[in-house]
Structures are given as structure tokens and as C-alpha cells.
């Protein structure tokens with residue numbers, strides 16, 4: 001064989017080897033992309049917004065503290081204000097994972113571009129809820145799709161081992177690192193604040209039934225609930241603020257358990273009629289029945305959105321609270337809420353002018 005033929009053979013072999021390597025790499029890339037897609041269902045994660053903006057303050061270093069919060073269009077101001085209160089009261093490296101709907105991405109991005117908040121925007125796909133919530137028109141009016149985002153925390157935070165979930169109607173006055181460091185017992189997925197604790201019991205709403213026990217959320221006359229063997233007078237907990245061990249969450253298939261009870265309720269109407277508009281608490285009460293840890297009650301001082309909340313809490317107590325929660329009808333960006341001056345302290349005006357808090361003195365001008 002001549003030298004020329006040998007060179008040709010070697011060249012052909014090199015080309016074949018290159019094509020084999022290229023083919024394998026393409027297969028690996030395809031597998032990677034498929035895995036990424038499955039990890040982020042039912043939403044997609046958009047890239048960091050503030051990390052790449054020039055002229056910003058130096059980003060905080062150290063252990064990341066993931067915080068998941070939702071931001072529906074009509075309440076974007078609530079989410080931004082809550083996040084700002086967290087950022088300003090801590091030096092921790094907090095990453096805000098904001099779940100919103102597709103139509104709110106531009107508005108939210110514009111607003112956040114005026115802040116120093118380190119964040120990711122996650123677009124939630126409401127179709128994931130098909131068959132999991134009642135189709136009754138009257139009930140559907142009170143259902144907000146984003147309220148179920150907390151059920152999918154591991155999908156939105158695939159790399160996090162531990163994270164915090166917060167409702168948007170909160171203000172944080174303490175260092176969020178303290179809440180993040182809440183100790184969870186072995187085998188426990190999450191830590192909540194119970195409704196019977198000394199702080200929240202001051203704000204129990206009169207006339208709202210048994211709002212601090214399981215019977216206020218579940219219909220114990222239904223056979224499916226009876227079979228669970230739960231005690232109706234068991235103290236309930238508030239799922240608007242919690243710390244989650246996401247590794248344990250995935251191992252125990254918590255999302256699947258929550259979806260199971262959502263589907264059962266859609267077919268059998270298992271939730272209590274007392275709080276018909278509360279769709280997220282009942283399945284969580286079932287899944288975490290006597291199997292959760294507790295957070296410090298001062299990290300969820302709630303019922304500030306209830307009638308007469310201003311008479312239930314002293315100014316000194318509210319000032320000492322680590323986290324204020326306006327769960328209830330009256331929100332701090334509305335006209336008749338208690339302690340709205342505290343919320344105003346952390347409010348960042350909407351650069352688009354679409355959102356603004358309602359205030360009496362403004363209306364009277």
C-alpha cells in the first residue's frame with residue numbers, strides 16, 4: 001500500500017471517529033435538554049435578570065437562600081414590596097424565585113429592573129391544574145392558579161435542598177436567614193406555624209368557625225376523610241409561610257400526594273364549606289397531618305387582613321414581629337387595612353404606573 005493510500009485511510013478513519021464523537025455528544029445534549037424540560041415542568045425558568053445589569057451594587061455572596069413567591073398581575077406590587085422588605089432587613093444572599101403568568105413577565109421584569117433584587121422569573125402553566133380543581137363556575141371565581149405554585153416547589157427549584165415559601169401579602173422585619181435556619185425534624189418535609197400558637201391565636205377571626213382546627217377546612221362527614229383517621233380538633237397550620245426540605249419532599253413524592261387529594265376533592269367535594277375559597281390549605285393539612293415541624297410563631301404573625309386586626313395587636317407587638325401576614329380580606333395595599341403604614345415603608349412604586357396602593361388621603365384630594 002502506497003503512502004498516499006495510507007494517508008487517505010487514516011483521514012477517513014479520523015473523519016469517522018469525529019462523526020461518532022459528534023453523534024454521541026448530540027445524544028447527550030438531547031438527553032440533557034429533555035431532563036431540563038422535565039425538571040422545570042409545570043413552568044419554565046427565565047434567566048437571572050439583575051445579575052447582568054451594569055452599575056448595580058455588588059451582589060451578595062455566601063450560601064444562597066432560595067425564596068419562592070408568587071406574583072399575579074393584579075398583585076405584582078405586593079410581591080415586590082414583600083421581597084424588598086426581605087432584602088433590606090438582611091445581608092443574606094437571597095435569591096427570589098418569582099412565579100407568575102406569562103402575561104405578567106414584561107411588567108414584572110420592568111419593575112424589578114429598578115431594584116437590586118437577585119431573582120429568577122418562573123412562568124406557571126395553569127394547564128397543570130386541569131382535573132385538579134372544581135369546575136363549578138362559582139368556585140372557579142375564587143381560585144387563583146398561582147396559589148398552587150407552592151405544590152411544585154422542587155420543580156421550580158431543582159438544585160435547592162432547602163427553601164422558603166412566602167405568600168405575597170407579607171412584610172418581613174427580621175433577618176430571613178433566621179427563618180431559613182429553622183431546624184426540621186428527621187423525616188419532616190416542612191415547618192409551619194400552627195394556628196393554635198400564642199401569636200396567631202390572638203388574631204383568630206370571630207365568626208369564621210373553627211379556623212384553627214382541621215374541621216374548619218375538611219368535611220369530616222365524607223367517607224374519604226373519615227378513613228384517614230384524623231382528629232377533627234387537631235390544630236391546623238398556615239401554609240402561607242413555610243420552610244421546606246426539598247430533598248425530603250422529592251423522596252416522599254409530596255407533589256403527587258397533594259395532586260391526589262386535589263383530584264379527589266374535584267370529584268367528591270371533600271373540603272369544608274366554612275372556608276370554600278381556601279383551596280390550598282386542605283390538601284396540605286392532609287399530607288402533613290402530624291408530620292411537620294414548627295417555625296417560631298413570630299415568623300408568621302397573621303390575620304392582619306381580618307376585620308378589627310388593629311384592635312387585636314398592639315403597636316409594640318407588631319413592631320417586634322419578624323414577619324407580618326395580612327391573610328384575610330383586607331390587604332395592606334387596599335383602602336381599609338390595619339398597619340398599612342408598615343407596608344408603605346417597603347413599597348417600590350411601579351415604573352409603569354399600572355399598580356398603586358389605594359389610600360384614603362389620596363382619594364379625598
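Cβ atoms here come from the backbone N, Cα and C positions, even for glycine.
So that you can see what the record holds, here are the features copied from Swiss-Prot:
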TOPO_DOM  1-4  topological domain 'Cytoplasmic'
TRANSMEM  5-22  transmembrane segment
TOPO_DOM  23-365  topological domain 'Lumenal'
CARBOHYD  102  N-linked glycosylation site
CARBOHYD  181  N-linked glycosylation site
CARBOHYD  245  N-linked glycosylation site
CARBOHYD  253  N-linked glycosylation site
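Annotation for residue 102 (N-linked glycosylation site): same-chain Cβ neighbours under 8 Å, separated by at least 6 residues, are 123. Around residue 181 (N-linked glycosylation site), a 10 Å sphere centred on its CB holds 11 further CB atoms from the protein chains shown. Mapped onto three states, the DSSP output places residue 102 (N-linked glycosylation site) in helix. Cα separation, residue 181 (N-linked glycosylation site) to residue 245 (N-linked glycosylation site), rounded: 11 Å. Taking the Cβ of residue 245 (N-linked glycosylation site) as reference, residues of its chain lying under 8 Å away and at least six apart in sequence are, in sequence order, 161, 162, 184, 188, 189, 190. The DSSP secondary structure for residue 253 (N-linked glycosylation site) is coil. Annotation for residue 253 (N-linked glycosylation site): no same-chain Cβ neighbours under 8 Å separated by at least 6 residues are found. For the topological domain 'Lumenal' (23-365), the mean pLDDT of the prediction comes to 86.
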